[in-house]
Number of protein chains: 2
Amino acid sequence: MTYDLVVIGAGPGGFDAAVAAAGYGLKTALVEKDFLGGTCLNRGCIPTKLWLGATSAIDELRNQAKMKVASGEVVVDFPALQARVQKHLSGTRKAMAMQLKKLGVDLVEGFGKLTGEGKVTVDTADGEQVLEYKNLILASGSKPIFFPGLEPDGECVLDSDMFLAQETMPSSLIVVGAGFIGLEMAQVAHRFGAKITVIDAMDRVAPLEDPEVSSALHSVFKRWKWDVLLEQRVAGVTTVDGQGVLTLDNREKITADKILVTVGRGPVTDGMGLAEAGVELLFNKVKVDEHLQAAPNIYAIGDVNGEIQLAHAAAHQAHYVAARIAGKADTPYAPGPVPSVLYGSPEVMRVGLMPNEAFLMDFDTAEVSKAPLAANPMAQAHAATQGFVKVVWSGGKVVGVTAVGHDVSRLTLGATLIVEQGWTEEDVHKTIFSHPSLDESLLMALKAERTKVQ
Amino acid sequence: MTYDLVVIGAGPGGFDAAVAAAGYGLKTALVEKDFLGGTCLNRGCIPTKLWLGATSAIDELRNQAKMKVASGEVVVDFPALQARVQKHLSGTRKAMAMQLKKLGVDLVEGFGKLTGEGKVTVDTADGEQVLEYKNLILASGSKPIFFPGLEPDGECVLDSDMFLAQETMPSSLIVVGAGFIGLEMAQVAHRFGAKITVIDAMDRVAPLEDPEVSSALHSVFKRWKWDVLLEQRVAGVTTVDGQGVLTLDNREKITADKILVTVGRGPVTDGMGLAEAGVELLFNKVKVDEHLQAAPNIYAIGDVNGEIQLAHAAAHQAHYVAARIAGKADTPYAPGPVPSVLYGSPEVMRVGLMPNEAFLMDFDTAEVSKAPLAANPMAQAHAATQGFVKVVWSGGKVVGVTAVGHDVSRLTLGATLIVEQGWTEEDVHKTIFSHPSLDESLLMALKAERTKVQ
């Protein structure tokens, strides 16, 4: 039997592609070498959100305690939390497996490799299994990458997978790489009382974000007494006598119970026979055309094509490619604005263009308008008023929104729709925003005086 | 001097009207008999949100404790919280006063009464002051109403104003009237450990909401061991020996430390000389036309016109009327969908039509689609998975969204924009929803199988 579609990788991209394809009536197989759900479910977004949810009472209590309104203590039992995480993950995987079964998608467990025209060979527990396909989707995802000297040793030097699998939370933690992954995990460790050190080679935390977002985050971290070391290169990390030892380029040494290295993630492409199948790699990313196609009948979605490393982007690409294979999508892939979110408290959300991007697009009309969270009653109610909402305009239309502060993730969908619609000054007065709400800080930013981006 | 505009009432409607009018260059006076900010700021939305925010750690801890992930105790110091509320309110009022001053709006403190063509007489602390106007906006708001026998005595029988002004939180509370106001306050008392009894004459809690929303709320309240008495008429409430005593129509008596009566709010119109000025009342509400006009040169906005008792609706009407007076609005007042929110946990949000309303509009095409929160990872993370999101369709377009459950208020702006745009099935696949997020439960409801409304 020849499958209409074989998908390699069952993360948010691959799983959604298989489900969507089955919905179109395509005979589909899904190949997964590890767990259903991929990195996002098993070693990424979901476990960290369960950690953040379980510890949110600690954060809320600290904020109110600072205002002398509340006192007490919240103790989160880390082993119990880890057990709950595992139970959640296995329950979710079970539900996913049932969904596949119901839709008639064949799940083939093992490492899949392209082995000649229209063939994938899967190294299963019961030996090799060859799947023939008319179409293939590569959705093999990504894995942590390391610069030389920064490799985890699994003892005191951990990557994000190892950090999530810990049995105890360290009482001191060095995070190398101040991107969203490292900052979310550092926030959880902070809630558990760990002493935090954050190191980045760039001149600011969250270096991919608006510089003002970075400095708002930085000021919160400073209030939390984190050591934030910027423009610092790390010569090496290692375990010495059960302690993590980090050596800076200037030979200075810093120690902590654990060192978490989160300097980036790179596509999983090794040993899959891609080159032989005519799939081109560029900086280890699978090159795709405007239809997310990598070679005849071969598509690549999600982290492996390196377009954008976000689960919801992968899922959106999945739906497009499944539709395309089913003959339901003629036009090139054109996603709307893709939001990105740092969860925790403070949070960061961003969608659409940043000020510098709007400036590059059209420096004549690039403007920003901004509102502080300090004036918002919901931020006040949670005693967490640091931060702001910023709106980016181009040609008189909203082209981007970014925000930093307590609970700003809740602005994501509204901001995405506003960017998608390209609101003008007139539109701002049309929609009724509920009161009181954090949404009103977005409304206030939309209405605020605009200044030109320099 | 004759004012271009005199506004009576400085709540969200009146204040925003004055500010907007000043922005149009109109010479404006704002008359307020009590505090800037009106009910919403001083005796309504804002104090309750500060209460809910201050106690959210209690709620989060309880949820995690139920999962055996967290333990401990959070104690909220109620007098300290009340002091913080007062500080917040006075700070906000001060900022509002400064804004008026900066814009050149004259704030006249005292009770304002219409006293002949183009004249308002204000009973100020320094005696009567007569303001002449070209245009008048009535924004006098609303106040709690009571049925005979349910009047508060200020001892153990309280209205919402008195409840918010308490010095201690009661250890047992009877709430008469299971609308949003009563339910929010009951939730706060519950967090403080009070034994709660809720009584309503209707057959369900939150009787203005979708019946499924009511039953989802009810099941949470039952798990909290609240006594919920439905279809019960109250014969009377009184204070006996320092205890609140409620007598049901069937003569049964229920006692508690306090009894909170929240059976409704009605417009403030007494003694304002409205009839003499040609302003017509209907069931005590100021009758307005399609331009929110009540009589020549007299407009009425917000609770006093009885259209909808929500601060953001009043503010939206304010902007329209200010623009109309400034000659900038020709068309009749046509607001977009008006969201309403119950805060706390569980929360309720609703915007647009409910299923029965869609059915009445067009019974052929009224449909609903629904997704449970149980499947959502953010609801899981907060160990609060009861509830759902429901989408209402008419003619193949989204005409309403309602949701109940933990943190569903965060769907409000997104749902409002989706209803405003009237999404079709196609639109559902266009926008990228971030993952993981509670927003995805809305997406899941949008994509779910639709059933016809019966």
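A Cβ is built for glycine as well, from the same backbone N, Cα and C atoms used for every other residue.
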Going by TrEMBL, tell me which one of B:CYS40, B:CYS156 is disulfide-bonded to B:CYS45.
B:CYS40
Of the candidates B:GLY104, B:GLY264, B:GLY266, which one does TrEMBL list alongside B:GLY177, B:ALA178, B:GLY179, B:PHE180, B:ILE181, B:GLY182, B:LEU183, B:GLU184 as binding NAD(+)?
B:GLY264
C-beta crowding around B:HIS435 (active site, proton acceptor), within 10 angstroms:
23
Those residues of the chain, 6+ apart, with a Cβ under 8 Å from that of B:CYS40 (disulfide bond):
B:GLY11, B:PRO12, B:ILE46, B:ALA311
By DSSP assignment, list the helix, strand and coil residue numbers for the domain 'Pyridine nucleotide-disulphide oxidoreductase dimerisation' (B:338-443), in that order.
37 helix, 32 strand, 37 coil
Sparsest-packed of the listed binding-site residues (B:GLY179, B:GLY264) - C-beta count within 10 angstroms:
B:GLY264
To what whole number does the mean pLDDT across the domain 'Pyridine nucleotide-disulphide oxidoreductase dimerisation' (B:338-443) round?
97
Using a Cβ-Cβ cut-off below 8 Å, which of the recorded positions B:LYS49, B:GLY112, B:HIS435 are near chain A?
B:LYS49, B:HIS435
If you skip the near sequence neighbours and keep only those at least six away, which residues in the chain come within under 8 angstroms of B:LEU183 (NAD(+) binding site), Cβ to Cβ?
B:VAL175, B:VAL198, B:VAL205, B:ALA206, B:LEU217, B:LEU342, B:GLY344
If you count, for each of the recorded positions B:CYS45, B:LYS49, B:ASP303, the other Cβ atoms lying within 10 Å of its Cβ, which residue has the minimum?
B:LYS49
